[in-house]
Amino acid sequence: MSQSGYVIDQMISAKAIAARVEALGAEITEAFKDTDRLVVVGLLRGSFVFIADLIREIGVPCEVDFLEASSYGNETTSTREVRVLKDLRGIIGGRDVLVVEDIIDTGHTISKVMEMLRARAPRRIECCAMLDKPSRREVDVKARWTGFEIPDEFVVGYGLDYAQNHRNLPFIGTVRFTDPQK
């Protein structure tokens, strides 16, 4: 897929994503089988496609809430400064919480979010990330569930964007810049 100044090459197919999301849903269902108080927290904006698919595969009743935190802006690399742009609407104290993230890169965003949510005294808190880039990690953080471990490449699709574009791609692709100015 060619764009002005860059090309998107498919890395993970829509079929592979669907199969992995189904498996993650089964694993999460098993882990939370004894709860009736699960709150699934999606980190906006990148996780919205993943969370929509994932909650349909989770076999326990759940509420969905969203939090928007960012360390990217319009850049392709993390700025390391985490800003909360939209907080949860509901209360998570005493609840089982599953935080759903699109990608764990340096770890700064998810670490800050998990710290902030733990301070609200949930009964239990776990994290599920669609993608993990362990080679970029600067903060010691790990999701309990991960869809795919990927190399240090800039990716788009399945909710992930480049300057707010390409979230609608059904696959995950790598961005290869063809313009030396980028």
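Each Cβ is built from the backbone N, Cα and C atoms, and glycine gets one as well.
Annotated diphosphate binding in Swiss-Prot involves R45, G46 plus, out of the candidates R167, R176, the residue R167.
Summary of the site annotation: Swiss-Prot records GMP binding at F154, V155, D161. Screening the candidates K112, K133 against this entry identifies K133 as the one listed for that site. Cα-Cα distances to K133 (GMP binding site) place D105 within 10 Å, out of the recorded positions R45, G46, E101, D102, D105, R167. Take K133, F154, V155, D161, the residues named in the record as contacts for GMP: the widest Cα to Cα gap among them comes to 16 Å. Checking Cα-Cα distances from E101 (Mg(2+) binding site) against the binding-site residues (G46, F154, V155, D161, R167) with a 10 Å cut-off leaves G46, in sequence order.
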